[in-house]
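*Asks:* Heads up, here are the entries from TrEMBL:
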- 86-103: transmembrane segment (TRANSMEM)
- 115-132: transmembrane segment (TRANSMEM)
- 177-196: transmembrane segment (TRANSMEM)
- 208-226: transmembrane segment (TRANSMEM)
- 232-249: transmembrane segment (TRANSMEM)
- 261-283: transmembrane segment (TRANSMEM)
């Protein structure tokens, strides 16, 4: 038995030495950093995921304040969650799920630890934003004007004691700054991580299927709303420049974007063009200029609505 044990030990030692000299098959990492057998592959266009992603963005994100304004107030009293709040809750569940499914379909193995941390932070930031945004949008029914700062609003500056104003400013901070940062930074990080795996050695440029071309407009328009309403132009433009730099770097290696990466990249280009048109249109608006001072001037669509369109809406309702 001692001879058999020695023989077995010798075989295992020999196997270990040979494995150290020759490449061994990779063992799936718990964090999923990189697989040794990963090769560049062309992934088919994920029409189902991009369609669901675009649809739920429009309905659950862009549509939630519209639903809150259109639906009768009697259905959702001001001291209860509104229809927009339920839309936001659904968005906070469906969006991270779709992002995870998108990462799963990447032709390359992506860093899972970073993806998981980003998803967790995304859900936490979107949930913080849910509370702050719910209260801020409800204040519209009391005369709150989004094109003014918190302290300049007539319904806020007359509050007593004045410490209540600090509380509303804290709420605005959670809504517009902390919530947006924890929501959008991981959101764009996940998109960039996915984009980094959308390259393959193709002799020709990838072409988008006709269905993808139909989705380009709605996708780019939604990102315009996301960037302008979320006040995240700097984050967006840095992400776009990083994507452009990655495209140029991979092109030197003979790698091209697949159809999914091309769809995302073209969507961002459309978004940038829409933002430039939006800023050029409102460039001379003195009131919005006062609320958005500084070099980067990107007005929020809802600030434009409360300034120029809410009075027209109220006048039509009165007539």
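Heads up, the Cβ atoms here are built off N, Cα and C, so glycines get one too.
Keep in mind it's a predicted model, so treat the numbers as computed, not measured.
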*Asks:* How about the transmembrane segment (208-226) and the transmembrane segment (115-132): at least 3 CB pairs under 8 Å, pairs 6 or more apart in sequence, or not?
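*Replies:* As far as Cβ distances go (cut-off 8 Å, pairs 6 or more apart), the transmembrane segment (208-226) and the transmembrane segment (115-132) do not touch.
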*Asks:* Residue list, the transmembrane segment (177-196) vs rest of chain: Cβ under 8 Å, 6 or more residues beyond ends.
*Replies:* 99, 102-103, 106, 110-111, 114-115, 117-119, 121-122, 124-126, 128-129, 132-133, 226, 230-232, 235-236, 239, 242-243, 246, 261, 264-265
*Asks:* With a Cβ cut-off under 8 Å, give me the same-chain residues at least six positions beyond the ends of the transmembrane segment (115-132) that come close to it.
*Replies:* 85, 88-89, 91-92, 95-96, 99-100, 103, 171-172, 174-176, 178-187, 189-190, 193
*Asks:* Please indicate, using numbers and ranges, the residues of the same chain that are 6 or more beyond the transmembrane segment (86-103) and have a C-beta under 8 Å from a C-beta there.
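*Replies:* The answer is 46, 49, 52-53, 56-57, 59-61, 63-64, 67, 110, 115, 119, 122-123, 126-127, 129-130, 133-134, 187, 190, 193-194.
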